[in-house]
Amino acid sequence: MPSQRHYSPADRLLMQADAALRTLLPFSGQPSRPSPALLKTEAELSESEARHVAGLMRINHTGEVCAQALYQGQALTARLPQVRQAMEQAADEEIDHLAWCEQRIRQLGSHTSVLNPIFYGLSFGIGASAGLISDRISLGFVAATEDQVCKHLDDHLGQLPAGDEKSRAILEQMREDEAQHSTAAIEAGGLRFPAPVKFGMSLVSKVMTKATYRI
(Lines of atoms letter the chains of each structure in order from A; the text may use other names.)
(Lines give C-alpha, C1' and ligand atoms only; values in the text may rest on other atoms or scores of the structure.)
Protein backbone atom coordinates (compact mmCIF):
# COMPACT_ATOMS: atom_id res chain seq x y z
CA MET A 1 0.00 0.00 0.00
CA PRO A 2 1.47 3.42 -0.93
CA SER A 3 2.32 5.62 2.00
CA GLN A 4 0.50 8.90 2.51
CA ARG A 5 2.54 11.89 1.44
CA HIS A 6 3.49 14.33 4.16
CA TYR A 7 3.77 17.98 3.18
CA SER A 8 6.12 20.45 4.82
CA PRO A 9 4.82 23.80 6.16
CA ALA A 10 6.33 25.50 3.10
CA ASP A 11 4.52 23.07 0.79
CA ARG A 12 1.22 23.78 2.52
CA LEU A 13 1.69 27.54 2.27
CA LEU A 14 2.35 27.22 -1.46
CA MET A 15 -0.75 25.07 -1.81
CA GLN A 16 -2.78 27.71 0.03
CA ALA A 17 -1.44 30.44 -2.26
CA ASP A 18 -2.40 28.36 -5.29
CA ALA A 19 -5.89 27.78 -3.87
CA ALA A 20 -6.33 31.52 -3.25
CA LEU A 21 -5.37 32.38 -6.82
CA ARG A 22 -7.68 29.71 -8.26
CA THR A 23 -10.51 31.11 -6.15
CA LEU A 24 -10.00 34.81 -6.84
CA LEU A 25 -8.85 34.93 -10.47
CA PRO A 26 -11.71 34.95 -13.02
CA PHE A 27 -12.55 31.57 -14.57
CA SER A 28 -9.57 29.88 -12.88
CA GLY A 29 -11.63 27.31 -10.94
CA GLN A 30 -12.41 24.23 -13.04
CA PRO A 31 -15.64 22.49 -11.98
CA SER A 32 -15.70 18.70 -11.76
CA ARG A 33 -19.40 18.66 -12.66
CA PRO A 34 -21.18 20.51 -15.47
CA SER A 35 -23.41 23.38 -14.44
CA PRO A 36 -27.00 22.34 -13.63
CA ALA A 37 -28.04 25.31 -15.78
CA LEU A 38 -26.45 23.87 -18.91
CA LEU A 39 -29.57 22.24 -20.36
CA LYS A 40 -32.04 24.81 -19.06
CA THR A 41 -33.65 27.39 -21.33
CA GLU A 42 -32.61 31.01 -20.89
CA ALA A 43 -35.50 33.14 -19.64
CA GLU A 44 -36.43 36.50 -21.11
CA LEU A 45 -35.71 38.67 -18.10
CA SER A 46 -36.37 42.38 -17.92
CA GLU A 47 -33.39 44.64 -17.24
CA SER A 48 -34.38 45.05 -13.60
CA GLU A 49 -34.93 41.30 -13.16
CA ALA A 50 -31.54 40.46 -14.70
CA ARG A 51 -29.86 43.03 -12.47
CA HIS A 52 -31.53 41.60 -9.37
CA VAL A 53 -30.67 37.99 -10.23
CA ALA A 54 -27.08 39.01 -10.95
CA GLY A 55 -26.95 40.62 -7.50
CA LEU A 56 -28.23 37.43 -5.87
CA MET A 57 -25.75 35.28 -7.78
CA ARG A 58 -22.95 37.69 -6.87
CA ILE A 59 -23.82 37.21 -3.18
CA ASN A 60 -23.74 33.44 -3.66
CA HIS A 61 -20.43 33.62 -5.51
CA THR A 62 -18.85 35.61 -2.69
CA GLY A 63 -20.31 33.11 -0.24
CA GLU A 64 -18.44 30.38 -2.10
CA VAL A 65 -15.26 32.47 -2.01
CA CYS A 66 -15.68 32.66 1.76
CA ALA A 67 -16.32 28.91 1.95
CA GLN A 68 -13.14 28.19 -0.01
CA ALA A 69 -11.11 30.40 2.30
CA LEU A 70 -12.72 28.94 5.41
CA TYR A 71 -11.96 25.37 4.37
CA GLN A 72 -8.41 26.18 3.28
CA GLY A 73 -7.70 27.94 6.57
CA GLN A 74 -9.08 25.02 8.53
CA ALA A 75 -7.12 22.50 6.47
CA LEU A 76 -3.91 24.41 7.22
CA THR A 77 -4.32 24.16 11.00
CA ALA A 78 -6.35 20.94 11.46
CA ARG A 79 -4.72 18.53 13.90
CA LEU A 80 -6.08 15.22 12.64
CA PRO A 81 -5.14 14.11 9.10
CA GLN A 82 -8.67 12.87 8.42
CA VAL A 83 -10.11 16.29 9.33
CA ARG A 84 -7.58 18.02 7.08
CA GLN A 85 -8.51 15.67 4.26
CA ALA A 86 -12.23 16.32 4.82
CA MET A 87 -11.65 20.09 4.64
CA GLU A 88 -9.64 19.80 1.45
CA GLN A 89 -12.31 17.57 -0.12
CA ALA A 90 -15.07 20.02 0.85
CA ALA A 91 -13.08 22.87 -0.69
CA ASP A 92 -12.75 20.90 -3.94
CA GLU A 93 -16.51 20.32 -4.03
CA GLU A 94 -17.20 24.01 -3.47
CA ILE A 95 -15.17 24.83 -6.61
CA ASP A 96 -18.16 23.61 -8.62
CA HIS A 97 -20.43 26.16 -6.94
CA LEU A 98 -17.88 28.92 -7.43
CA ALA A 99 -17.61 28.23 -11.16
CA TRP A 100 -21.36 27.80 -11.69
CA CYS A 101 -22.15 31.12 -10.00
CA GLU A 102 -19.48 32.96 -11.97
CA GLN A 103 -20.72 31.52 -15.26
CA ARG A 104 -24.27 32.62 -14.48
CA ILE A 105 -23.18 36.11 -13.42
CA ARG A 106 -21.34 36.57 -16.73
CA GLN A 107 -24.36 35.28 -18.68
CA LEU A 108 -26.42 37.99 -16.99
CA GLY A 109 -23.93 40.60 -18.15
CA SER A 110 -22.59 41.41 -14.71
CA HIS A 111 -19.43 40.94 -12.62
CA THR A 112 -18.22 39.23 -9.48
CA SER A 113 -17.65 41.31 -6.35
CA VAL A 114 -14.55 43.49 -6.10
CA LEU A 115 -14.64 42.79 -2.35
CA ASN A 116 -13.83 39.10 -2.78
CA PRO A 117 -10.13 39.39 -1.81
CA ILE A 118 -11.10 41.08 1.46
CA PHE A 119 -13.69 38.44 2.33
CA TYR A 120 -11.27 35.67 1.36
CA GLY A 121 -8.63 36.99 3.74
CA LEU A 122 -11.08 37.40 6.61
CA SER A 123 -12.59 33.94 6.11
CA PHE A 124 -9.18 32.29 5.84
CA GLY A 125 -8.19 33.83 9.17
CA ILE A 126 -11.41 32.64 10.82
CA GLY A 127 -10.94 29.12 9.46
CA ALA A 128 -7.32 28.90 10.56
CA SER A 129 -8.20 30.21 14.02
CA ALA A 130 -11.01 27.67 14.41
CA GLY A 131 -8.63 24.89 13.43
CA LEU A 132 -6.08 26.02 16.00
CA ILE A 133 -8.66 25.84 18.80
CA SER A 134 -9.87 22.29 18.08
CA ASP A 135 -11.03 20.05 15.27
CA ARG A 136 -14.47 19.72 16.90
CA ILE A 137 -14.98 23.48 16.81
CA SER A 138 -13.60 23.62 13.29
CA LEU A 139 -16.09 21.01 12.09
CA GLY A 140 -18.87 22.69 14.04
CA PHE A 141 -18.07 25.97 12.34
CA VAL A 142 -18.42 24.25 8.97
CA ALA A 143 -21.85 22.90 9.93
CA ALA A 144 -23.06 26.26 11.25
CA THR A 145 -21.74 28.09 8.19
CA GLU A 146 -23.40 25.67 5.79
CA ASP A 147 -26.68 26.03 7.70
CA GLN A 148 -26.46 29.80 7.15
CA VAL A 149 -25.74 29.27 3.46
CA CYS A 150 -28.81 27.04 3.14
CA LYS A 151 -30.97 29.78 4.62
CA HIS A 152 -29.59 32.30 2.14
CA LEU A 153 -30.21 29.93 -0.75
CA ASP A 154 -33.79 29.30 0.36
CA ASP A 155 -34.36 33.05 0.48
CA HIS A 156 -32.81 33.59 -2.95
CA LEU A 157 -34.81 30.76 -4.49
CA GLY A 158 -37.93 32.57 -3.33
CA GLN A 159 -36.78 35.80 -5.00
CA LEU A 160 -35.95 34.40 -8.44
CA PRO A 161 -38.26 35.27 -11.34
CA ALA A 162 -40.55 32.34 -12.07
CA GLY A 163 -39.05 31.67 -15.51
CA ASP A 164 -35.38 31.76 -14.54
CA GLU A 165 -34.74 28.03 -14.72
CA LYS A 166 -30.96 28.41 -15.11
CA SER A 167 -30.39 30.25 -11.84
CA ARG A 168 -32.90 28.06 -10.04
CA ALA A 169 -31.18 24.84 -11.14
CA ILE A 170 -27.84 26.11 -9.84
CA LEU A 171 -29.17 27.23 -6.48
CA GLU A 172 -31.17 24.05 -5.93
CA GLN A 173 -28.09 21.87 -6.51
CA MET A 174 -26.01 24.11 -4.27
CA ARG A 175 -28.68 23.84 -1.56
CA GLU A 176 -28.53 20.05 -1.71
CA ASP A 177 -24.72 19.98 -1.57
CA GLU A 178 -24.45 22.45 1.32
CA ALA A 179 -26.95 20.51 3.41
CA GLN A 180 -24.86 17.38 2.88
CA HIS A 181 -21.69 19.23 3.96
CA SER A 182 -23.40 20.36 7.17
CA THR A 183 -24.59 16.86 8.00
CA ALA A 184 -21.18 15.35 7.24
CA ALA A 185 -19.42 17.85 9.52
CA ILE A 186 -21.65 16.98 12.47
CA GLU A 187 -21.33 13.25 11.82
CA ALA A 188 -17.53 13.65 11.77
CA GLY A 189 -17.67 14.98 15.33
CA GLY A 190 -18.42 18.65 14.85
CA LEU A 191 -19.73 20.66 17.79
CA ARG A 192 -23.31 21.90 17.46
CA PHE A 193 -23.08 25.64 17.99
CA PRO A 194 -25.59 27.27 20.38
CA ALA A 195 -28.22 29.66 19.05
CA PRO A 196 -26.46 32.88 20.21
CA VAL A 197 -23.33 31.95 18.24
CA LYS A 198 -25.39 31.21 15.14
CA PHE A 199 -27.18 34.53 15.56
CA GLY A 200 -23.85 36.34 15.65
CA MET A 201 -22.76 34.53 12.51
CA SER A 202 -25.99 35.56 10.77
CA LEU A 203 -25.28 39.22 11.54
CA VAL A 204 -21.84 38.93 9.98
CA SER A 205 -23.30 37.22 6.90
CA LYS A 206 -25.78 40.09 6.48
CA VAL A 207 -22.87 42.52 6.19
CA MET A 208 -21.45 40.41 3.37
CA THR A 209 -24.75 40.15 1.51
CA LYS A 210 -25.48 43.87 1.73
CA ALA A 211 -21.99 44.78 0.55
CA THR A 212 -21.77 42.38 -2.39
CA TYR A 213 -25.27 42.71 -3.86
CA ARG A 214 -24.09 45.63 -6.01
CA ILE A 215 -20.30 45.67 -5.77
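Glycine residues also receive a Cβ, built from the backbone N, Cα and C atoms like all the rest.
Binding of Fe cation 2 is attributed by Swiss-Prot to Glu94, Glu178, His181, and the same site annotation extends, among Glu102, Glu146, Glu165, Glu172, to Glu146. Binding of Fe cation 1 is attributed by Swiss-Prot to Glu94, His97, Glu178, and within the candidate set Glu47, Glu49, Glu64 the record adds Glu64 to that site. In this structure, the CA atom of His181 (Fe cation 2 binding site) is 13 Å away from the CA atom of His97 (Fe cation 1 binding site). Working note on the binding-site residues Glu146, Glu178: by count of other C-beta atoms within 10 Å of each C-beta, Glu178 ranks first. Other residues of the chain with a Cβ within 8 Å of the Cβ centroid of Glu64, Glu94, His97, Glu178, the Fe cation 1 site, are Gly63, Ala67, Glu93, Asp96, Leu98, Val149, Met174, Asp177.
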